Each structure stands twice: as structure tokens, then as C-alpha cells.
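So the structure is just underneath, and the comments pick up after that.
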Amino acid sequence: MTAPTTSPTTGSPRTLVAGVDSSTQSCKVVVRDAQTGALVRFGSAPHPDGTEVDPAAWWEAFGAAVAVAGGLDDVSALSVGGQQHGMVVLDAHGDVIRPALLWNDTRSAQAAIDLTAELGGPQAWADATGSVPVASFTVTKLRWLAQNEPENAARIAAVCLPHDWLTWQISGAGGTPGAARDLSALVTDRSDASGTGYFSGTTGKYRLDLLDLALGEGASSRIVLPRVLEPGESIRLDDGLVLGAGAGDNAAAALGLGMVPGDVTISLGTSGVVSAVSAVPAADGTGMAAGFSDATGAYLPLACTLNASRVLDGAARMLGVDHAGLSALALSAPAGADGLVLVPYLEGERTPNRPDATGTLHGLRLATTTPAHLARAAVEGMLCGLADGLDALRAQGVEVTRLLLVGGGARSDAVRHIAPQVFGLPIEVPQPGEYVADGAARQAAWALSGEADAPDWGPPAGTKVFEAPVEPVIREQYAAVRDLL
Ligand SMILES: Nc1ncnc2c1ncn2[C@@H]1O[C@H](COP(=O)(O)OP(=O)(O)O)[C@@H](O)[C@H]1O
Ligand SMILES: O=C(CO)[C@@H](O)[C@H](O)COP(=O)(O)O
């Protein structure tokens, strides 16, 4: 598969690696120089909308993104980062039983409540797995399946996550429809496994008892779970391509950004995520912070909201403007939008756990019925939800010395300027890029090297710092109405 490649600047041979981000809205592929990390090629392709998706759409988008990125013939290693938690269920032939339920599908909210009670309450789950299950987690989706589609649940021969399934397809073990597929070749990594609800990041082992709790006694004895590869471990395909373990998208972003303890990243994709790397696991019984693992052997406590960049998309749609227009409008209104507050639970919410909530506008007066006030309230409301998440991480002992802002929503000027007013800290915005795919590429280079640690690709380029005095009114007025459901 690998053809020799030379550097266009030095003419000397170089080794290329690829990283994939199979995210909620699209698939992105980067090809980078394994040694320096320099970007060589990039491609992306959209995913379908919706909270349940046929995994075949991810495979198709991956192929299209690879084609845009100029193919993989000269690539020596590849890793896949992907949206976390999605439930991919396979039958004994390796066929997908039903469309995958994604992390932002809330139909398993009651299953989460039931499972939480059955194990002895939220702290029992946090102690067992690091996290209190909510509708996002795979384990609750499996319980939902057992209760609502028992005929499908009975056919499950393997359960995996979006990044595991894509890695399996790329490896060839996922085969082509109609061909033999090898379920025992499924692999995952600890970062993504830690978001299933049936894995303990502290022991590095699956909690088969919790899989049984979801699906019924004995289920775990007939269901294949992906083998959890060690950080840096790989599999080598017959054609020589090295496949890394891959990672959940947030853990991959931590690798891509080169995060160290003290760094906290705010990611504004479809999800809003506040995450930190930590040497110690979190076990937050309030459920605000999820105690996930990272892709290096450490931990990744994070708070994740269901409502981030799409709040901006929705506000722009309501106002009939594009993103630049929304940003200009938001920046033309005063901090606090003269008391107009948007609680942006447009997709329900996960942190805090309010799956059935809807968005609400508070403080509407004649004077605030302007596009500028609504635009400002949308940006502030989205950021306030994440500031609450940062508080939850601090309550877990997370030290915050640096705040980084990434993801599609970080391209908004208004977000960049308003974020320091909300968080009360300077905000560092690395140059817009695909940090999940970059982290996956860095993991691929690590897997290829066989070294103990990932290669040092240096800090992200082109970082700009945004500073502004904190505006306490923004969070105060949000906190006053956030719980008025
Ligand atoms: N300049 C911008 N301002 C605000 N939002 C933006 C801007 N550019 C892109 N977005 C939004 O970012 C989102 C995509 O971000 P991304 O991080 O790729 O999401 P995901 O990882 O969930 O697929 C989309 O909702 C898109 O509309
Ligand atoms: O559920 C989580 C984290 O727990 C989300 O962060 C998903 O992993 C989706 O990520 P994006 O596609 O929004 O980047």
C-alpha cells in the first residue's frame, strides 16, 4: 500500500500517516508527515443528519473524504477518532442490525434512570465506571433496545462504537456485504471504551456485569466486545498498513492539541465539551463531570452538552443571517444582552441531565426584541452551559491554567470575544484546524514508531489569545433562569 514519498522542500524521503475524525456532522481526513507533523493533505465529506444513522454512511463519507485527500496509497499508518458512545450492533454475520443510535439520541433517558437505580444510585456508577449514565451512553441504548426491539437485541453478536466499526471496516475484517466478517478482529481503545458505561478506566477492563444488567443475565457470554488495545498499540494489515487503536474524538483532540495537565479545552462542535487531562480518574456522583480515560494511559474528565455550534446555526437561521452576520450582530449588543437570556436546550440537554427540556428565552422586553440582542443571547447561553461544565471539572480537582477553544463554533469572532467575558480567563484559540483528526494522525505516527510515547509535534500553530474583563452579569442572569423549566 505504501509508495515512497519525498518532501517537496528538502527532496528527502518522508513517511506519511493519516488521521480520521468521523464526527457527528462529517468525516475529515488529514495526511501528515510522521516525523514533523506537517500537514500534507486534507479532505472531508458530510454525514447525514439525524440521531440514528446507518454506519454505511460513515464508510461512504470516509471513502469520499479520502478521495478528496488524495488517497492513502502513500500512507504508512492510520488511526480513527470518532464521535463517542454511538451504539453499533452487529449480528453473527457482522451485519449491522439496525441504524446506530448516536450520542445525541435521547430516547434511552428512562433506561438511564432505571439502570442508575438498579446498580444502587449515581455514585455506584461513578465508582464502577467513572461516570453516571445518561441517555448518551451506550449501556443505556442497549437497555432501550432490549425493551423496545427485543428481536433486534436477541440477534446481537457484537457491540462496538463508531470508531471501532470504522477501524474494523478499514482493516478489511469488516468485509464487504455478503462476505465473511471476523467479529473477533474488532478493536477499540480505553478512551472510547470508557464512554460505553460497561468499562472501568481505572482497571482497564470491561464490566461485563453491567452489560448483563443492560441486556439480561448471560448476554455478555454471547456478545463480542472489541479488544481494548493499549495506547500506542497497533495492528498491521496484510498490505503493510499499520492501524492504530483510534480514540474517542475528545481524547484524540487532546492528543492533537498536545494537552498537558492544567490545559482545559472547550470544543464547540455539535457537542459542547469542556475537557482536561488528568493523572487521576474522576468519579463525580452528581453526573456533571464524566470520568473518561484519555488515549495515553491517563484520564480525561469532561463535561459535555448537547447544544453548542448548532445553537449558533439555529440563531443564524432564525435571524436570516450567515455566521459572520450572527457574529457581527452579537458583538453589537451589550454584555448580558440587556437581560435577554437564552437557555439553549434546543436538543434537550445532557449536562445538566434534562433530556426532555426545550430552549427558552427569558427577559424579553420591547427593548430587547432586536436581532442583536437575540444573537448575543444565543452566544452567551451556549457559553454559560459550558462555564457550568468548567465549574464541575474544578469541583473534581481539575487545575485550570490555560483555556483553549476549538471546534467549528470557535471560528466565530463573537464566540472568541465573548468567551473571556463568560469564563473570566484569557482564551487561546489555535488556528482553525481538525484537531481530532490531527490527534488520530499523531497516534498513527506513534503506533508506527513503536516508541513508548507519541512523537512530539509541537504546539498547535497560529494561536491567538483573546482577553476581556469578566462580565459577571452574564452568568448571574443565566444561573437565575437556567432551572426554571
Ligand atoms: N464561523 C462559524 N461560526 C459559528 N459556527 C460555525 C462557523 N463555522 C462552522 N460552524 C459550525 O460548526 C459546526 C461544525 O463543527 P465541527 O467541530 O466540525 O462539528 P462536529 O465535530 O460535531 O461534526 C457546524 O454546526 C457549523 O455550522
Ligand atoms: O458525547 C460526546 C462526548 O461525551 C461528544 O463529544 C461526541 O463525542 C460527539 O462529538 P462531536 O461530533 O460533537 O465533536
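Heads up, the Cβ atoms here are built off N, Cα and C, so glycines get one too.
Residues or ranges marked as active site, proton acceptor by TrEMBL: D249. Residues or ranges marked as substrate binding site by TrEMBL: Q84, H85. What TrEMBL records for 17-234 is domain 'Carbohydrate kinase FGGY N-terminal'. Residues or ranges marked as domain 'Carbohydrate kinase FGGY C-terminal' in TrEMBL: 265-448. Under the heading site 'Important for activity', TrEMBL lists D21.
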Rounded Cα separation (Å) that holds between D249 (active site, proton acceptor) and Q84 (substrate binding site): 7
Around the Cβ of H85 (substrate binding site), the count of other Cβ atoms that are within 10 Å: 27
Residue with minimal Cβ packing [other Cβ atoms within 10 Å] among the recorded positions D21, D249: D21
Alpha-carbon spacing, Q84 (substrate binding site) to D21 (site 'Important for activity'), which is rounded to whole Å: 11
Spatial separation of H85 (substrate binding site) from D21 (site 'Important for activity') - C-alpha basis, Å: 15
Entries of D21, Q84, H85, D249 (recorded positions) sitting next to ligand 2, with Cβ under 6 Å as the cut-off: Q84, H85, D249
